[in-house]
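Asker: Below you will find the structure I want to go over with you.
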Amino acid sequence: MRILGSCVLFWLLTGYVSANTIITTVGSDVTLHCNYDAKYYGRLFVCWGRGDIPNSGCANEVIRSDGTKVTGRLSERYHLIGDLGEGDVSLTITQVQEGDSGVYGCRVEIPGWFNDHKHQTTLRVNPGRPLPLKVETREVKERTLTVRWTAPFDGGRPITTYIIEIKNKYASWDTAIRTEVTQPQLTQVTLVDLRPYKTYNLRMFAANSVGTSETSNVLTITTKEGVPEGPPFDVQLQALSSDSISVTWKPPKTDLRNGVLRSYTISYREDEGNQFKRWQHVSVTATREVESFTLTNLKPSTWYSVRLQAKTSAGTGPASDSPRCSTLDEETTAASSTVTSSSSSSAAAAAATTRTHHTSLTPVHTALTAQMVPTSTAWEETTSTLTLVPPDPPVIELKEVKDNAISLFWTPGFEGDSPTTGYFLEYKAANASWDYTESVVDFSPNETDATIIEINPSTYNIRMFAKSSVGTSKASNVLTVTTGGTDRERENLIPTFPNDSESVMTAENTQGVPTAAIVVPIVVVPLIGTVMLLILRRMKHRNGHLNVWMSRTALRYKGSDSLQEL
(Lines of atoms letter the chains of each structure in order from A; the text may use other names.)
(Lines give C-alpha, C1' and ligand atoms only; values in the text may rest on other atoms or scores of the structure.)
Protein backbone atom coordinates (compact mmCIF):
# COMPACT_ATOMS: atom_id res chain seq x y z
CA MET A 1 0.00 0.00 0.00
CA ARG A 2 2.85 2.35 0.81
CA ILE A 3 4.37 1.77 -2.69
CA LEU A 4 1.00 2.33 -4.38
CA GLY A 5 0.50 5.55 -2.44
CA SER A 6 3.92 6.77 -3.48
CA CYS A 7 3.08 6.12 -7.16
CA VAL A 8 -0.19 8.03 -6.87
CA LEU A 9 1.58 10.94 -5.21
CA PHE A 10 4.24 10.98 -7.94
CA TRP A 11 1.54 11.01 -10.64
CA LEU A 12 -0.21 13.91 -8.94
CA LEU A 13 3.03 15.88 -8.68
CA THR A 14 4.19 15.30 -12.26
CA GLY A 15 0.87 15.09 -14.04
CA TYR A 16 0.05 12.75 -16.90
CA VAL A 17 2.28 13.18 -19.99
CA SER A 18 1.17 11.82 -23.36
CA ALA A 19 3.89 11.08 -25.93
CA ASN A 20 4.43 10.10 -29.54
CA THR A 21 7.22 9.98 -32.15
CA ILE A 22 7.42 11.72 -35.54
CA ILE A 23 9.98 10.85 -38.23
CA THR A 24 10.69 13.26 -41.08
CA THR A 25 13.47 14.23 -43.48
CA VAL A 26 15.80 17.20 -43.63
CA GLY A 27 14.35 20.26 -45.35
CA SER A 28 10.68 19.45 -44.77
CA ASP A 29 8.16 21.25 -42.55
CA VAL A 30 6.83 19.28 -39.59
CA THR A 31 3.97 19.85 -37.14
CA LEU A 32 4.01 18.55 -33.54
CA HIS A 33 0.42 18.33 -32.30
CA CYS A 34 -0.91 19.70 -29.00
CA ASN A 35 -4.54 20.69 -28.18
CA TYR A 36 -6.74 21.63 -25.23
CA ASP A 37 -10.43 22.50 -24.77
CA ALA A 38 -10.37 26.29 -25.11
CA LYS A 39 -14.17 26.52 -25.07
CA TYR A 40 -14.24 24.95 -21.60
CA TYR A 41 -11.11 26.49 -20.07
CA GLY A 42 -10.87 29.68 -22.09
CA ARG A 43 -7.63 30.96 -23.56
CA LEU A 44 -4.65 29.76 -21.55
CA PHE A 45 -0.87 30.25 -21.41
CA VAL A 46 1.03 27.71 -23.57
CA CYS A 47 4.73 27.02 -24.05
CA TRP A 48 6.87 24.60 -26.06
CA GLY A 49 10.37 23.56 -24.99
CA ARG A 50 13.07 21.05 -25.87
CA GLY A 51 13.73 18.15 -23.55
CA ASP A 52 11.60 16.50 -20.88
CA ILE A 53 8.81 18.65 -19.45
CA PRO A 54 9.80 19.97 -15.97
CA ASN A 55 7.50 20.46 -12.96
CA SER A 56 6.72 23.97 -14.13
CA GLY A 57 7.16 25.92 -17.32
CA CYS A 58 9.09 24.58 -20.32
CA ALA A 59 12.75 23.59 -20.47
CA ASN A 60 14.76 25.28 -23.25
CA GLU A 61 11.69 27.19 -24.38
CA VAL A 62 11.34 27.69 -28.14
CA ILE A 63 7.92 29.45 -28.32
CA ARG A 64 5.13 30.64 -26.02
CA SER A 65 1.64 32.16 -26.26
CA ASP A 66 -0.82 33.89 -23.94
CA GLY A 67 -3.69 32.09 -25.67
CA THR A 68 -4.39 34.86 -28.14
CA LYS A 69 -1.06 35.43 -29.86
CA VAL A 70 2.58 34.37 -29.86
CA THR A 71 4.43 36.35 -27.21
CA GLY A 72 7.95 34.99 -27.80
CA ARG A 73 9.92 32.57 -29.95
CA LEU A 74 13.51 31.38 -30.26
CA SER A 75 13.60 31.36 -34.07
CA GLU A 76 11.47 32.39 -37.01
CA ARG A 77 11.28 28.71 -37.92
CA TYR A 78 8.91 28.06 -34.98
CA HIS A 79 5.21 28.82 -35.54
CA LEU A 80 1.80 28.28 -33.93
CA ILE A 81 -0.33 28.24 -37.07
CA GLY A 82 -3.35 26.46 -35.61
CA ASP A 83 -6.55 28.16 -34.39
CA LEU A 84 -5.63 29.38 -30.89
CA GLY A 85 -9.28 30.16 -30.16
CA GLU A 86 -10.09 26.48 -30.61
CA GLY A 87 -7.19 25.38 -28.44
CA ASP A 88 -4.94 24.20 -31.32
CA VAL A 89 -1.44 25.05 -30.09
CA SER A 90 0.46 22.63 -32.36
CA LEU A 91 4.08 23.59 -33.07
CA THR A 92 5.20 23.84 -36.71
CA ILE A 93 8.95 23.83 -37.49
CA THR A 94 9.92 24.85 -41.01
CA GLN A 95 12.94 23.54 -42.93
CA VAL A 96 13.95 21.06 -40.27
CA GLN A 97 17.59 20.02 -39.91
CA GLU A 98 19.17 16.98 -38.32
CA GLY A 99 19.98 19.18 -35.32
CA ASP A 100 16.24 19.62 -34.70
CA SER A 101 15.97 15.97 -33.68
CA GLY A 102 15.06 15.39 -30.03
CA VAL A 103 12.25 15.61 -27.48
CA TYR A 104 9.76 18.51 -27.54
CA GLY A 105 7.31 19.22 -24.73
CA CYS A 106 4.03 21.19 -24.81
CA ARG A 107 2.59 22.58 -21.56
CA VAL A 108 -0.88 24.18 -21.25
CA GLU A 109 -1.22 25.86 -17.85
CA ILE A 110 -4.70 24.96 -16.57
CA PRO A 111 -5.73 26.68 -13.30
CA GLY A 112 -5.62 24.49 -10.19
CA TRP A 113 -3.16 22.05 -8.68
CA PHE A 114 -1.63 19.43 -10.96
CA ASN A 115 -4.05 20.29 -13.76
CA ASP A 116 -1.56 21.30 -16.50
CA HIS A 117 -1.96 19.55 -19.80
CA LYS A 118 1.38 18.14 -20.96
CA HIS A 119 2.22 16.47 -24.27
CA GLN A 120 5.66 15.21 -25.29
CA THR A 121 6.80 14.43 -28.86
CA THR A 122 10.04 12.84 -30.03
CA LEU A 123 11.18 14.23 -33.40
CA ARG A 124 13.60 12.25 -35.53
CA VAL A 125 15.02 14.07 -38.58
CA ASN A 126 16.79 11.88 -41.14
CA PRO A 127 18.87 13.09 -44.10
CA GLY A 128 17.14 12.66 -47.44
CA ARG A 129 17.69 12.80 -51.17
CA PRO A 130 18.34 16.18 -52.78
CA LEU A 131 15.34 18.14 -53.94
CA PRO A 132 14.72 18.28 -57.72
CA LEU A 133 16.71 20.96 -59.45
CA LYS A 134 15.46 23.45 -62.03
CA VAL A 135 17.42 23.45 -65.29
CA GLU A 136 17.22 26.16 -67.96
CA THR A 137 18.64 26.75 -71.41
CA ARG A 138 21.50 29.20 -71.71
CA GLU A 139 22.49 28.89 -75.38
CA VAL A 140 21.45 26.80 -78.38
CA LYS A 141 23.47 26.50 -81.59
CA GLU A 142 23.53 24.16 -84.57
CA ARG A 143 25.37 21.36 -82.80
CA THR A 144 25.78 22.53 -79.21
CA LEU A 145 23.52 23.14 -76.24
CA THR A 146 24.48 24.86 -72.99
CA VAL A 147 22.28 24.45 -69.93
CA ARG A 148 22.62 25.81 -66.41
CA TRP A 149 21.01 25.24 -63.05
CA THR A 150 21.03 26.31 -59.42
CA ALA A 151 22.16 23.74 -56.88
CA PRO A 152 19.05 22.43 -55.06
CA PHE A 153 18.68 21.73 -51.35
CA ASP A 154 20.99 18.77 -50.71
CA GLY A 155 18.75 16.87 -48.28
CA GLY A 156 21.25 17.13 -45.43
CA ARG A 157 24.07 15.35 -47.26
CA PRO A 158 26.41 16.96 -49.84
CA ILE A 159 25.52 16.51 -53.49
CA THR A 160 28.11 14.26 -55.13
CA THR A 161 26.85 13.83 -58.69
CA TYR A 162 24.71 15.47 -61.32
CA ILE A 163 23.09 13.16 -63.86
CA ILE A 164 22.14 14.49 -67.30
CA GLU A 165 19.89 12.66 -69.74
CA ILE A 166 19.19 13.72 -73.33
CA LYS A 167 17.09 11.99 -75.97
CA ASN A 168 15.25 12.53 -79.20
CA LYS A 169 11.93 14.22 -78.44
CA TYR A 170 9.90 11.37 -79.94
CA ALA A 171 11.85 8.53 -78.30
CA SER A 172 11.39 7.05 -74.83
CA TRP A 173 13.68 7.88 -71.93
CA ASP A 174 15.02 4.32 -72.11
CA THR A 175 16.97 5.42 -75.19
CA ALA A 176 18.43 8.54 -73.57
CA ILE A 177 22.16 9.13 -73.39
CA ARG A 178 23.10 9.56 -69.73
CA THR A 179 26.14 11.29 -68.33
CA GLU A 180 27.21 11.47 -64.69
CA VAL A 181 29.22 14.52 -63.71
CA THR A 182 31.01 14.09 -60.39
CA GLN A 183 31.80 17.78 -59.96
CA PRO A 184 29.15 19.08 -57.54
CA GLN A 185 30.40 22.66 -57.83
CA LEU A 186 29.24 22.84 -61.46
CA THR A 187 26.20 24.91 -62.39
CA GLN A 188 26.57 24.77 -66.18
CA VAL A 189 27.47 22.21 -68.84
CA THR A 190 27.69 22.20 -72.64
CA LEU A 191 26.58 19.26 -74.78
CA VAL A 192 28.25 19.02 -78.17
CA ASP A 193 27.96 17.00 -81.38
CA LEU A 194 24.18 17.30 -81.58
CA ARG A 195 22.37 17.24 -84.91
CA PRO A 196 21.23 20.53 -86.49
CA TYR A 197 17.50 21.28 -86.58
CA LYS A 198 16.62 18.36 -84.31
CA THR A 199 14.37 18.46 -81.26
CA TYR A 200 15.68 17.00 -78.02
CA ASN A 201 14.40 16.47 -74.48
CA LEU A 202 16.79 17.01 -71.56
CA ARG A 203 16.36 16.41 -67.85
CA MET A 204 18.66 16.24 -64.83
CA PHE A 205 18.99 14.57 -61.43
CA ALA A 206 21.06 15.36 -58.34
CA ALA A 207 22.44 12.60 -56.12
CA ASN A 208 23.97 12.38 -52.65
CA SER A 209 24.94 9.49 -50.37
CA VAL A 210 21.27 8.88 -49.52
CA GLY A 211 19.90 8.63 -53.03
CA THR A 212 18.91 10.35 -56.26
CA SER A 213 16.47 13.23 -56.51
CA GLU A 214 13.30 13.19 -58.50
CA THR A 215 13.59 14.42 -62.07
CA SER A 216 14.05 18.08 -62.86
CA ASN A 217 11.82 19.94 -65.26
CA VAL A 218 12.15 18.63 -68.82
CA LEU A 219 13.59 20.97 -71.45
CA THR A 220 12.47 20.69 -75.06
CA ILE A 221 15.12 22.20 -77.34
CA THR A 222 15.39 22.43 -81.11
CA THR A 223 18.90 23.07 -82.36
CA LYS A 224 19.43 25.75 -84.98
CA GLU A 225 19.53 25.05 -88.69
CA GLY A 226 22.83 24.00 -90.23
CA VAL A 227 24.32 23.89 -93.69
CA PRO A 228 23.04 20.85 -95.65
CA GLU A 229 25.44 17.93 -95.41
CA GLY A 230 24.26 16.26 -98.60
CA PRO A 231 23.84 17.49 -102.19
CA PRO A 232 20.74 17.28 -104.37
CA PHE A 233 20.66 13.95 -106.17
CA ASP A 234 19.17 12.23 -109.24
CA VAL A 235 20.06 15.25 -111.40
CA GLN A 236 18.67 14.81 -114.92
CA LEU A 237 19.39 16.99 -117.98
CA GLN A 238 17.39 17.12 -121.21
CA ALA A 239 18.01 19.34 -124.22
CA LEU A 240 14.82 21.14 -125.23
CA SER A 241 16.15 23.33 -128.03
CA SER A 242 19.28 24.86 -129.41
CA ASP A 243 19.39 27.35 -126.53
CA SER A 244 17.68 25.57 -123.59
CA ILE A 245 18.22 22.56 -121.31
CA SER A 246 15.74 21.24 -118.75
CA VAL A 247 17.16 20.36 -115.31
CA THR A 248 15.28 18.14 -112.84
CA TRP A 249 16.51 16.91 -109.45
CA LYS A 250 15.53 15.71 -106.00
CA PRO A 251 16.44 17.47 -102.73
CA PRO A 252 19.10 16.06 -100.37
CA LYS A 253 18.08 13.13 -98.23
CA THR A 254 15.99 14.15 -95.24
CA ASP A 255 18.60 13.33 -92.58
CA LEU A 256 21.20 15.44 -94.42
CA ARG A 257 19.16 18.59 -94.93
CA ASN A 258 19.85 20.07 -91.47
CA GLY A 259 16.96 22.49 -91.76
CA VAL A 260 14.29 23.83 -94.07
CA LEU A 261 15.48 24.05 -97.68
CA ARG A 262 15.07 27.63 -98.86
CA SER A 263 16.52 27.54 -102.37
CA TYR A 264 18.90 25.87 -104.81
CA THR A 265 21.85 27.28 -106.68
CA ILE A 266 22.17 25.94 -110.24
CA SER A 267 25.67 26.41 -111.62
CA TYR A 268 26.35 25.75 -115.31
CA ARG A 269 29.15 26.34 -117.80
CA GLU A 270 30.30 25.36 -121.26
CA ASP A 271 32.20 22.09 -121.21
CA GLU A 272 33.96 21.49 -124.52
CA GLY A 273 36.78 19.04 -123.95
CA ASN A 274 39.53 20.69 -121.94
CA GLN A 275 38.10 24.17 -122.39
CA PHE A 276 36.06 25.26 -119.38
CA LYS A 277 34.31 28.58 -119.13
CA ARG A 278 33.40 30.34 -115.89
CA TRP A 279 30.44 29.03 -113.92
CA GLN A 280 27.22 30.96 -114.18
CA HIS A 281 24.69 30.77 -111.38
CA VAL A 282 20.92 30.82 -111.06
CA SER A 283 18.97 30.73 -107.78
CA VAL A 284 15.72 28.76 -107.64
CA THR A 285 13.26 28.72 -104.71
CA ALA A 286 12.74 25.29 -103.14
CA THR A 287 9.09 24.31 -103.51
CA ARG A 288 8.61 20.55 -103.78
CA GLU A 289 10.22 17.13 -103.62
CA VAL A 290 10.99 16.94 -107.36
CA GLU A 291 12.28 20.24 -108.69
CA SER A 292 12.78 21.41 -112.29
CA PHE A 293 14.16 24.45 -114.06
CA THR A 294 14.96 25.39 -117.65
CA LEU A 295 18.28 26.99 -118.54
CA THR A 296 17.97 29.35 -121.48
CA ASN A 297 20.12 31.68 -123.57
CA LEU A 298 22.55 28.82 -124.24
CA LYS A 299 24.65 28.27 -127.36
CA PRO A 300 23.53 25.78 -130.01
CA SER A 301 25.27 22.41 -130.30
CA THR A 302 27.28 23.09 -127.15
CA TRP A 303 28.01 20.82 -124.23
CA TYR A 304 27.22 22.13 -120.74
CA SER A 305 28.03 20.88 -117.26
CA VAL A 306 25.46 21.48 -114.55
CA ARG A 307 25.68 21.08 -110.80
CA LEU A 308 23.33 21.96 -107.92
CA GLN A 309 23.62 22.99 -104.27
CA ALA A 310 20.87 23.15 -101.63
CA LYS A 311 20.61 26.07 -99.23
CA THR A 312 19.14 26.58 -95.76
CA SER A 313 19.13 29.70 -93.62
CA ALA A 314 22.58 28.62 -92.34
CA GLY A 315 24.26 28.45 -95.74
CA THR A 316 24.86 26.44 -98.88
CA GLY A 317 25.65 22.73 -98.89
CA PRO A 318 27.96 20.61 -101.06
CA ALA A 319 27.60 20.43 -104.83
CA SER A 320 26.06 17.51 -106.65
CA ASP A 321 27.74 15.59 -109.44
CA SER A 322 28.10 17.54 -112.71
CA PRO A 323 26.31 15.70 -115.53
CA ARG A 324 26.78 16.96 -119.11
CA CYS A 325 24.27 17.68 -121.82
CA SER A 326 24.46 19.25 -125.27
CA THR A 327 21.95 21.70 -126.68
CA LEU A 328 20.31 20.85 -130.02
CA ASP A 329 21.63 22.32 -133.25
CA GLU A 330 19.63 25.12 -134.87
CA GLU A 331 18.43 23.00 -137.84
CA THR A 332 16.84 20.43 -135.55
CA THR A 333 15.15 23.20 -133.62
CA ALA A 334 13.82 24.83 -136.83
CA ALA A 335 12.38 21.54 -138.10
CA SER A 336 10.77 20.92 -134.76
CA SER A 337 9.19 24.37 -134.79
CA THR A 338 7.63 23.73 -138.23
CA VAL A 339 5.91 20.57 -137.07
CA THR A 340 4.73 21.97 -133.72
CA SER A 341 4.44 25.68 -134.19
CA SER A 342 2.01 26.19 -131.38
CA SER A 343 4.21 24.31 -128.92
CA SER A 344 7.27 26.19 -130.14
CA SER A 345 5.50 29.48 -129.63
CA SER A 346 4.71 28.51 -126.07
CA ALA A 347 8.30 27.37 -125.51
CA ALA A 348 9.59 30.60 -127.02
CA ALA A 349 7.36 32.60 -124.74
CA ALA A 350 8.58 30.59 -121.75
CA ALA A 351 12.17 30.95 -122.91
CA ALA A 352 11.69 34.68 -123.29
CA THR A 353 10.32 34.86 -119.81
CA THR A 354 13.22 32.80 -118.50
CA ARG A 355 15.73 34.88 -120.43
CA THR A 356 14.26 38.00 -118.95
CA HIS A 357 14.58 36.50 -115.47
CA HIS A 358 18.11 35.22 -116.10
CA THR A 359 19.28 38.46 -117.63
CA SER A 360 17.99 40.41 -114.67
CA LEU A 361 20.19 38.38 -112.34
CA THR A 362 23.45 39.59 -113.85
CA PRO A 363 23.17 43.26 -112.82
CA VAL A 364 22.32 42.15 -109.28
CA HIS A 365 25.54 40.11 -108.97
CA THR A 366 27.48 42.91 -110.57
CA ALA A 367 26.03 45.44 -108.15
CA LEU A 368 26.89 43.26 -105.18
CA THR A 369 30.44 42.88 -106.39
CA ALA A 370 30.74 46.59 -106.90
CA GLN A 371 29.59 47.24 -103.34
CA MET A 372 31.91 44.70 -101.79
CA VAL A 373 35.15 45.92 -103.35
CA PRO A 374 35.13 49.42 -101.81
CA THR A 375 34.26 47.92 -98.41
CA SER A 376 37.29 45.63 -98.56
CA THR A 377 39.48 48.52 -99.68
CA ALA A 378 38.23 50.73 -96.86
CA TRP A 379 39.01 47.98 -94.36
CA GLU A 380 42.51 47.57 -95.68
CA GLU A 381 43.08 51.31 -95.46
CA THR A 382 41.78 51.39 -91.89
CA THR A 383 43.82 48.47 -90.60
CA SER A 384 46.95 49.75 -92.23
CA THR A 385 46.79 52.85 -90.04
CA LEU A 386 46.05 51.05 -86.72
CA THR A 387 48.60 49.44 -84.44
CA LEU A 388 46.23 48.00 -81.80
CA VAL A 389 47.23 44.60 -80.48
CA PRO A 390 44.65 41.75 -80.17
CA PRO A 391 44.73 39.44 -77.11
CA ASP A 392 47.14 36.56 -76.76
CA PRO A 393 45.59 33.08 -76.89
CA PRO A 394 44.73 31.34 -73.61
CA VAL A 395 46.53 28.19 -72.49
CA ILE A 396 44.09 25.31 -72.10
CA GLU A 397 44.66 22.29 -69.89
CA LEU A 398 42.77 19.08 -69.36
CA LYS A 399 41.28 18.58 -65.90
CA GLU A 400 39.46 15.28 -66.36
CA VAL A 401 38.00 12.96 -68.98
CA LYS A 402 35.32 10.67 -67.66
CA ASP A 403 33.27 8.59 -70.07
CA ASN A 404 31.90 11.18 -72.51
CA ALA A 405 32.43 14.22 -70.25
CA ILE A 406 35.46 16.48 -70.77
CA SER A 407 36.48 18.94 -68.03
CA LEU A 408 39.06 21.55 -68.93
CA PHE A 409 40.29 24.93 -67.76
CA TRP A 410 42.32 27.73 -69.28
CA THR A 411 44.67 30.50 -68.26
CA PRO A 412 44.03 33.83 -70.01
CA GLY A 413 46.89 35.44 -71.91
CA PHE A 414 47.85 39.09 -72.30
CA GLU A 415 44.73 41.15 -73.15
CA GLY A 416 46.44 43.38 -75.68
CA ASP A 417 45.13 46.89 -76.20
CA SER A 418 41.53 46.13 -75.25
CA PRO A 419 39.86 44.02 -72.52
CA THR A 420 38.99 40.46 -73.43
CA THR A 421 35.28 40.19 -74.27
CA GLY A 422 35.06 36.40 -74.38
CA TYR A 423 36.49 33.09 -75.50
CA PHE A 424 35.37 30.50 -77.99
CA LEU A 425 36.34 26.86 -78.25
CA GLU A 426 36.61 24.85 -81.46
CA TYR A 427 36.70 21.10 -81.71
CA LYS A 428 36.94 18.61 -84.57
CA ALA A 429 37.56 14.96 -85.24
CA ALA A 430 41.23 14.10 -84.81
CA ASN A 431 41.59 12.99 -88.42
CA ALA A 432 39.82 16.02 -89.91
CA SER A 433 41.04 19.45 -90.94
CA TRP A 434 40.31 22.57 -88.92
CA ASP A 435 38.38 23.69 -91.99
CA TYR A 436 35.79 21.14 -90.88
CA THR A 437 35.37 22.34 -87.32
CA GLU A 438 32.33 20.57 -85.91
CA SER A 439 31.20 23.18 -83.38
CA VAL A 440 32.09 26.42 -81.69
CA VAL A 441 31.29 26.97 -78.00
CA ASP A 442 31.31 30.52 -76.61
CA PHE A 443 32.31 31.55 -73.08
CA SER A 444 32.12 34.83 -71.18
CA PRO A 445 35.34 36.69 -70.25
CA ASN A 446 35.11 35.72 -66.58
CA GLU A 447 34.83 31.98 -67.24
CA THR A 448 38.02 29.94 -66.97
CA ASP A 449 36.74 26.36 -66.87
CA ALA A 450 34.07 24.26 -68.52
CA THR A 451 32.65 20.77 -68.72
CA ILE A 452 31.63 19.51 -72.16
CA ILE A 453 29.57 16.39 -72.82
CA GLU A 454 30.38 14.66 -76.10
CA ILE A 455 27.29 12.87 -77.46
CA ASN A 456 29.26 10.69 -79.91
CA PRO A 457 32.43 9.46 -78.17
CA SER A 458 35.56 9.50 -80.31
CA THR A 459 38.97 11.21 -80.47
CA TYR A 460 38.84 14.98 -80.85
CA ASN A 461 41.15 17.98 -81.14
CA ILE A 462 40.25 21.03 -79.06
CA ARG A 463 41.63 24.54 -79.26
CA MET A 464 40.55 27.96 -77.98
CA PHE A 465 40.67 31.62 -78.99
CA ALA A 466 40.33 34.87 -77.05
CA LYS A 467 38.51 37.84 -78.55
CA SER A 468 38.25 41.56 -77.87
CA SER A 469 37.03 44.67 -79.65
CA VAL A 470 40.41 44.78 -81.43
CA GLY A 471 40.24 41.28 -82.88
CA THR A 472 40.72 37.59 -82.24
CA SER A 473 43.83 35.93 -80.88
CA LYS A 474 45.78 33.22 -82.56
CA ALA A 475 44.82 29.62 -81.76
CA SER A 476 45.80 28.23 -78.38
CA ASN A 477 47.60 24.97 -77.83
CA VAL A 478 45.66 21.95 -79.09
CA LEU A 479 44.35 19.19 -76.81
CA THR A 480 43.74 15.69 -78.16
CA VAL A 481 41.03 13.97 -76.14
CA THR A 482 39.43 10.54 -76.46
CA THR A 483 36.01 10.17 -74.88
CA GLY A 484 33.70 7.25 -74.17
CA GLY A 485 34.24 3.52 -74.39
CA THR A 486 33.41 0.86 -76.93
CA ASP A 487 29.95 0.44 -78.39
CA ARG A 488 29.41 -2.62 -76.22
CA GLU A 489 30.27 -0.66 -73.10
CA ARG A 490 27.85 2.09 -74.08
CA GLU A 491 25.10 -0.47 -74.61
CA ASN A 492 25.55 -1.44 -70.97
CA LEU A 493 24.91 2.14 -69.89
CA ILE A 494 21.16 2.00 -70.28
CA PRO A 495 19.85 4.55 -67.76
CA THR A 496 18.04 3.02 -64.79
CA PHE A 497 16.53 4.99 -61.93
CA PRO A 498 14.53 3.97 -58.88
CA ASN A 499 10.95 5.00 -58.48
CA ASP A 500 10.45 8.43 -56.94
CA SER A 501 9.38 6.83 -53.68
CA GLU A 502 12.33 4.44 -53.48
CA SER A 503 16.00 4.85 -52.73
CA VAL A 504 18.72 3.12 -54.72
CA MET A 505 19.45 -0.30 -53.27
CA THR A 506 22.94 -0.96 -51.96
CA ALA A 507 24.88 -4.09 -52.75
CA GLU A 508 24.99 -5.02 -49.08
CA ASN A 509 21.17 -4.99 -48.85
CA THR A 510 20.92 -7.53 -51.65
CA GLN A 511 20.75 -11.18 -50.62
CA GLY A 512 23.28 -13.52 -52.14
CA VAL A 513 21.07 -15.91 -54.07
CA PRO A 514 18.74 -13.37 -55.81
CA THR A 515 21.71 -11.23 -56.86
CA ALA A 516 23.55 -14.18 -58.28
CA ALA A 517 20.38 -15.14 -60.12
CA ILE A 518 20.73 -11.92 -62.08
CA VAL A 519 24.40 -12.29 -62.93
CA VAL A 520 24.95 -16.03 -63.34
CA PRO A 521 22.50 -16.80 -66.21
CA ILE A 522 24.51 -14.51 -68.46
CA VAL A 523 27.53 -16.84 -68.32
CA VAL A 524 26.05 -20.24 -67.44
CA VAL A 525 26.08 -22.95 -70.08
CA PRO A 526 23.24 -25.44 -69.57
CA LEU A 527 25.64 -28.39 -69.76
CA ILE A 528 27.45 -27.30 -66.56
CA GLY A 529 24.36 -26.21 -64.63
CA THR A 530 25.02 -28.67 -61.84
CA VAL A 531 28.49 -27.26 -61.23
CA MET A 532 27.19 -23.69 -61.12
CA LEU A 533 24.48 -24.70 -58.66
CA LEU A 534 27.20 -25.83 -56.26
CA ILE A 535 28.97 -22.50 -56.73
CA LEU A 536 25.77 -20.63 -55.94
CA ARG A 537 25.36 -22.53 -52.71
CA ARG A 538 28.90 -21.63 -51.66
CA MET A 539 28.27 -18.00 -52.57
CA LYS A 540 25.18 -17.98 -50.41
CA HIS A 541 27.37 -18.80 -47.42
CA ARG A 542 30.14 -16.44 -48.49
CA ASN A 543 28.14 -13.27 -48.98
CA GLY A 544 31.26 -11.09 -48.75
CA HIS A 545 32.65 -12.47 -52.04
CA LEU A 546 29.36 -11.80 -53.77
CA ASN A 547 29.37 -8.18 -52.61
CA VAL A 548 32.81 -7.69 -54.15
CA TRP A 549 31.57 -9.16 -57.41
CA MET A 550 28.61 -6.83 -57.50
CA SER A 551 30.79 -3.87 -56.60
CA ARG A 552 33.01 -4.57 -59.58
CA THR A 553 30.01 -4.97 -61.82
CA ALA A 554 28.76 -1.58 -60.68
CA LEU A 555 31.96 -0.06 -62.04
CA ARG A 556 30.62 -0.70 -65.53
CA TYR A 557 28.13 2.08 -64.96
CA LYS A 558 29.02 5.66 -65.75
CA GLY A 559 30.60 7.72 -62.99
CA SER A 560 33.28 7.16 -60.40
CA ASP A 561 30.73 6.12 -57.78
CA SER A 562 28.62 3.06 -58.44
CA LEU A 563 24.89 3.57 -58.69
CA GLN A 564 24.45 1.44 -55.57
CA GLU A 565 26.36 4.06 -53.56
CA LEU A 566 24.37 7.07 -54.80
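A Cβ is built for glycine as well, from the same backbone N, Cα and C atoms used for every other residue.
Sharing the features that TrEMBL gives for it:
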SIGNAL    1-19  signal peptide
DOMAIN    27-126  domain 'Ig-like'
DOMAIN    129-226  domain 'Fibronectin type-III'
DOMAIN    231-330  domain 'Fibronectin type-III'
REGION    313-359  region 'Disordered'
COMPBIAS  333-354  compositional bias 'Low complexity'
DOMAIN    390-486  domain 'Fibronectin type-III'
TRANSMEM  516-536  transmembrane segment
Asker: Across the domain 'Fibronectin type-III' (231-330), what are the DSSP residue counts per state (helix, strand, coil)?
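Answerer: Grouping H, G, I as helix and E, B as strand yields 4 helix, 57 strand, 39 coil.
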Asker: Quick check on the domain 'Fibronectin type-III' (129-226): DSSP residue counts for helix, strand, coil, in that order please.
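Answerer: Taking the domain 'Fibronectin type-III' (129-226) as a whole: 3 helix, 43 strand, 52 coil.
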Asker: Taking DSSP states H, G and I as helix and E and B as strand, how many residues of the domain 'Fibronectin type-III' (390-486) are helix, strand and coil?
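Answerer: Counting residues by DSSP class gives 3 helix, 51 strand, 43 coil.
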Asker: Can you break down the domain 'Ig-like' (27-126) into helix, strand and coil residue counts using DSSP?
Answerer: 10 helix, 41 strand, 49 coil
